[in-house]
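Novice: According to TrEMBL, the record shows the following:
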{"type": "COMPBIAS", "residues": "276-285", "note": "compositional bias 'Polar residues'"}
{"type": "DOMAIN", "residues": "12-121", "note": "domain 'Toprim'"}
{"type": "DOMAIN", "residues": "137-449", "note": "domain 'Topo IA-type catalytic'"}
{"type": "REGION", "residues": "264-287", "note": "region 'Disordered'"}
Amino acid sequence: MLREGEWPRAAATLVVVESPAKAKSIQKMLGPGYEVRASLGHVADLPERELGVDVERDFAPTYEVKKDKKPVVEALKRAAKGKRLLIATDPDREGEAIGWHVARLLGRDPKEPLRVEFHEITPRVVRQAVQNPRPIDQNLVDAQQARRVLDRLVGYNLSPLLSLEFRKRALSAGRVQSVALRLLVEREEEIEAFRPEEYWTLEGVFALGQDRTLPASLYEVEGKRLWAGQGEKEGKLHLANEAQAKALAEEVKGRSYRVVQVETRERRKSPPPPFTTSTLQQAASSRLGYTASRTMRIAQRLYEGVDLPEGTVGLITYMRTDSVRVSPEALQAAREVIQRIFGLEYLPEGPRVYRNRKEGVQDAHEAIRPTDVRRTPDSVRKYLSDEEYRLYDLIWRRFVASQMRDALYDQTVVLLKDEGEKPRFTFRASGSVLKFEGYLKAWGRGDEG
């Protein structure tokens with residue numbers, strides 16, 4: 001482990017990453033002992049004009065250097081001569097596969113410790129990572145290869161058949177797109193088959209005196225709960241048409257009503273967890289109006305590095321994740337920020353630890369969060385474009401909010417009954433009043449995103 005301010009004496013080392021922006025950031029962090037170059041994504045793939053999969057030999061793939069990447073590979077070979085090789089591609093299946101191809105094409109053994117993995121691009125984390133390389137994870141490479149082979153087997157074989165069957169050019173099938181298309185078709189068929197059914201509710205406005213009124217909904221008739229939904233429901237009253245609703249309204253009118261119950265309870269609302277890829281895309285769409293692809297492009301830039309006065313640094317952790325897990329160090333930093341900016345009353349007794357509820361979560365990466373939560377959105381605003389600032393602000397506020405106290409509401413329910421000898425009608429009104437903002441102080445009172 002490096003101590004703060006230490007830096008190893010490094011031999012000439014070639015570091016390979018995917019993108020020029022990432023290469024630029026890491027080059028500044030590592031300094032002159034390292035040469036950082038970009039592969040510009042995948043350098044090898046299955047051949048374009050043939051299947052490239054031997055179905056008779058365990059579906060073994062055949063790879064070739066992509067035409068547009070031949071100059072890139074040759075440049076990497078020249079740069080690698082006499083140098084130690086480190087591969088610092090993204091920490092996922094695609095990144096592992098890119099690293100495996102690069103190692104193979106440069107004549108290096110993937111079993112040697114040449115793979116560098118980090119989940120945030122900050123000087124401390126990157127420098128620690130290059131001191132602790134590992135072999136390439138063949139299981140991750142195999143997983144990526146299996147997906148690529150399946151893509152080819154489905155698309156290469158079925159796409160021409162579709163074009164022939166429908167006598168149209170350029171129809172395509174795919175492992176993902178065909179399944180997604182079926183889901184869309186089935187959903188559209190459900191929508192087309194849906195036949196709306198009419199139902200009615202009754203609303204009343206009750207005078208409370210001194211120019212005060214209380215809107216309420218019909219809740220029960222002779223103990224039978226009103227069913228505000230489609231179709232009959234056993235034990236419920238269902239107003240199926242306008243005639244029924246008007247007849248009941250005439251019975252309700254002209255009666256005196258009294259309040260028979262007022263009940264107030266405290267309701268707590270807990271903060272949402274920090275972002276995963278999908279929840280970030282949803283929140284950016286609803287709150288910022290960004291498409292999913294736009295959100296990921298901006299997040300990529302925030303991850304790969306921004307030039308600040310103290311140097312180039314990635315502002316967020318890796319943005320492709322399905323986990324809500326957060327490191328203990330980041331949790332503690334968030335608590336310190338909450339106490340300093342919002343006050344001790346917004347800080348829960350201990351850190352909030354979120355669990356991944358969905359099955360199949362890989363949990364290989366942390367949730368999406370600021371690499372340093374003390375770096376507030378306003379402190380970096382002038383170094384970001386408007387869209388970068390807005391997305392970073394969203395990520396920062398969501399992470400901080402996830403570690404704050406619950407919001408507290410007083411929720412009140414009022415029941416009114418008619419004053420006959422045997423009351424027949426019950427109306428119900430409800431409402432809530434926010435009495436402590438809690439996490440809403442940071443996240444706001446919009447959608448949960």
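A Cβ is built for glycine as well, from the same backbone N, Cα and C atoms used for every other residue.
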Novice: For the compositional bias 'Polar residues' (276-285), DSSP counts of helix, strand and coil?
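Specialist: Its residues fall into 9 helix, 0 strand, 1 coil.
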Novice: How does the domain 'Toprim' (12-121) divide up by DSSP, counting helix, then strand, then coil residues?
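Specialist: Once the DSSP states are binned, the domain 'Toprim' (12-121) shows 38 helix, 23 strand, 49 coil.
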Novice: Just to confirm my parser: what is the rounded mean pLDDT across the domain 'Topo IA-type catalytic' (137-449)?
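Specialist: The answer is 92, the mean pLDDT of the model over that range.
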